[in-house]
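Straight from Swiss-Prot, the features:
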| type | residues | note |
| --- | --- | --- |
| DOMAIN | 1-141 | domain 'Globin' |
| DISULFID | Cys2-Cys131 | disulfide bond |
| BINDING | His94 | heme b binding site |
Amino acid sequence: ECDALQRFKVKHQWAEAFGTSHHRLDFGLKLWNSIFRDAPEIRGLFKRVDGDNAYSAEFEAHAERVLGGLDMTISLLDDQAAFDAQLAHLKSQHAERNIKADYYGVFVNELLAVLPDYLGTKLDFKAWSECLGVITGAIHD
């Protein structure tokens, strides 16, 4: 569903978890290292950005771009027209890359596993699950 209250919670919890500046890099490294640990085959999607080394400047920059896209998408949760346009843009970007549907689930699961490290018991797991389902569903369907 990702109703108005869930969107509000996700938007505000994301701002707290993702933070600013160098904190974002740490968040990204934690997330991507978790993804690569649990689904090492995903690393192959990132060959052109030195995905074999999550600490390389090239991969860190790419990881920040990906999370920047998620940041923008989450920030638009309360503006349906802009949110829909962002999802359409992300869908076109991801269609070119032939990303398996399963990989979106891996991303969501790993993100949900990392968020408690930043939000603790404030994490609204249901709100995040619902809203991430809407986001990833629109991108890969």
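Positions of Cβ are set from backbone N, Cα and C atoms, glycine also.
Note on Cys2 (disulfide bond): other Cβ atoms within 10 Å of its Cβ, all shown chains, come to 19. It is 19 Å from the Cα atom of Cys131 (disulfide bond) to that of the residue listed as 'heme b binding site'. Within the model, the domain 'Globin' (1-141) shows a mean pLDDT value of 95, rounded to a whole number. Cα of the residue listed as 'heme b binding site' to Cα of Cys2 (disulfide bond): a span of 22 Å. Remark: secondary structure over the domain 'Globin' (1-141) totals 115 helix, 0 strand, 26 coil, with classes taken from DSSP. Counting neighbouring Cβ atoms within 10 Å of each of the recorded positions (His94, Cys131), the lowest count belongs to His94.
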